[in-house]
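Read through the structure below, which is laid out as structure tokens, and then see the notes.
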């Protein structure tokens with residue numbers, strides 16, 4: 001069992017308020033720092049780094065995309081990650097309770113995080129279910145890399161592997177099709193599909209051409225999805241103890257596998273062609289395109305998993321003296337490295353595929369799930385030992401996609417502590433709900449639903465991150481938060497620490513100005529489409545050709561937008577809804593101002609009361625503007641400084657949901 005933090009453990013640095021010494025309740029702590037760090041890396045570095053980042057880079061300027069992506073990580077992602085780590089380990093509960101204790105009007109931010117985690121985890125686990133189908137079909141890899149398993153679609157099937165093994169050999173630029181080596185004309189290009197495309201479309205996805213045409217239900221996908229949710233439930237069963245154990249595998253093995261794939265990829269013929277396309281042929285005009293920065297910021301949030309509450313929940317099991325900045329920098333660095341290094345591994349193989357087909361690299365690059373499930377397997381099929389390489393690739397994707405639901409579980413049991421005694425049925429209920437919600441993606445239209453899910457959850461995630469930064473910096477107050485950090489980490493020492501340390505100027509300047517402005521601009525850009533991005537338009541047309549699909553109807557387009565916007569609103573509406581409900585509830589209890597003040601069970605409560613009594617109150621801008629600053633009601637209470645409470649006993653914990 002994980003160790004408990006001694007309640008009287010003194011911090012190494014001089015605390016600003018002595019109340020920091022008392023821990024909240026009896027909460028598990030990580031057994032060691034390594035388990036926490038590996039869990040955070042496993043949570044942050046995921047599927048988005050391997051299958052989402054490479055195609056985003058292609059659609060947004062290739063190597064030029066690296067500049068806005070790294071800038072967004074440094075200026076937005078990493079500072080927000082440090083904020084989440086600090087909030088979690090200072091208040092030591094889940095995000096919804098953390099924000100309630102800071103100020104009840106902010107509690108909706110925590111519930112929005114739980115909602116977005118459930119949605120993102122839901123469609124990521126659907127992708128993992130597809131991965132499970134591929135892992136189960138490894139023993140018959142020829143069926144999805146050659147035309148042997150094409151069945152009734154054999155007349156429209158061709159494959160790189162069949163072309164490479166043709167007798168007599170085909171010339172470069174030719175494809176082995178209908179028993180002959182031929183150069184495709186326009187008619188063949190309209191109907192011919194590779195073996196990998198046929199396997200994905202007609203066996204795994206049962207794909208329809210329309211978002212509104214549900215099509216056939218895949219019982220195999222439903223069964224695979226059930227197994228994946230079962231694995232998630234088992235991993236979460238014992239809380240951070242089992243998660244920390246699992247992280248030793250999920251956070252380290254993918255790096256090993258991608259390293260092996262990299263070494264194999266760079267030795268292939270044409271690998272340099274792909275790497276050059278990825279890193280050395282930037283289309284610099286994309287840097288001035290707002291949509292490129294929107295994609296970079298959304299990817300930074302996705303790949304670092306900020307705004308989802310999971311990392312804040314993980315940090316809540318840390319000792320308050322833990323070096324949160326060091327971990328934030330390490331996780332952000334690991335994330336950037338995995339995105340760039342994983343892209344090199346992928347594009348080296350794509351360069352090999354382009355060489356075999358005698359095409360340019362951009363002609364073989366696909367987007368979304370197509371890159372991971374069609375193009376990459378097609379390239380792997382040409383390698384000796386294709387089964388081994390395919391198995392390693394899909395095993396890596398599987399490991400990167402299974403930890404997403406701890407935020408939801410922690411939110412529920414911290415909001416209602418009695419649920420800690422019923423963790424097993426709670427996890428069963430979460431997994432069943434997740435499985436049921438994913439069944440819509442087991443229909444033939446499921447891939448269209450997944451693409452909408454992916455696009456519009458990114459919009460909602462950006463809004464949540466913006467709300468979190470503004471809520472902490474302006475509503476709670478940056479001075480209050482600075483004092484909280486000083487109570488954990490002490491005063492900055494040295495010139496470097498003064499500017500870039502745990503309580504240095506850089507982070508407060510970023511939280512007050514840089515990150516909020518970036519977030520606001522990206523939200524504005526989210527309301528504009530990608531119609532000015534010619535690459536995206538070209539790839540949309542290419543996707544129609546690849547899958548033999550018809551162009552989307554106007555009805556489908558508006559149905560997808562309507563569903564996506566409704567889903568995004570369903571997530572972000574928690575922020576104002578819960579805040580308003582808490583204002584109403586506080587007004588009914590006779591003190592509406594309490595909704596705008598830190599609560600009695602906040603670790604800084606006593607310090608703030610003392611500062612208010614001494615006339616040294618550090619109010620936020622919002623407090624001063626509306627005259628509801630902390631202490632105006634509480635400072636007059638004689639026993640305010642002696643008030644203590646725990647999450648289990650405080651009446652304020654029965655917040656509106």
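Cβ from N, Cα, C; glycine included.
Those TrEMBL annotations? Automatic predictions, nothing curated.
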Between the ranges 563-584, 585-606, 607-628, TrEMBL assigns transmembrane segment to 563-584
Of 328-350, 351-373, 535-557, the range TrEMBL tags as transmembrane segment is 328-350
The residue range that TrEMBL labels transmembrane segment, out of 482-504, 505-527, is 505-527
Contact set of the transmembrane segment (505-527) with the rest of its chain, CB cutoff 8 A exclusive, min separation 6+ beyond the ends, reads 72, 75-76, 79-80, 82-83, 290-291, 293-294, 297-298, 459, 462-463, 465-466, 469-470, 472-474, 478, 481-482, 498-499
Per the Cβ filter (under 8 Å) with a sequence gap of at least 6 from its ends, the transmembrane segment (563-584) is approached by 100, 104-109, 111-112, 115-116, 119, 211, 449, 452-453, 455-457, 459-460, 463-464, 467, 592, 595, 655-657
Check: min Cα-Cα distance from residue 49 (Na(+) 2 binding site) over recorded positions 42, 147, 157, 303 goes to 303
Using a 10 Å radius on the Cβ of residue 49 (Na(+) 2 binding site), the other Cβ atoms enclosed count 26
Residue 42 (Na(+) 1 binding site) to residue 147 (disulfide bond), Cα to Cα, whole Å, comes out at 37
Within 10 angstroms of the C-beta of residue 157 (disulfide bond), the count of other C-beta atoms across all shown chains comes to 22
Taking only the CA atoms, the spacing between residue 45 (Na(+) 1 binding site) and residue 147 (disulfide bond), expressed in whole angstrom, is 35
Around the Cβ of residue 44 (Na(+) 2 binding site), other Cβ atoms within 10 Å, all chains included, total 25
Listed recorded positions 44, 147, 157; those within 10 A of residue 303 (Na(+) 1 binding site), CA to CA, turn out to be 44
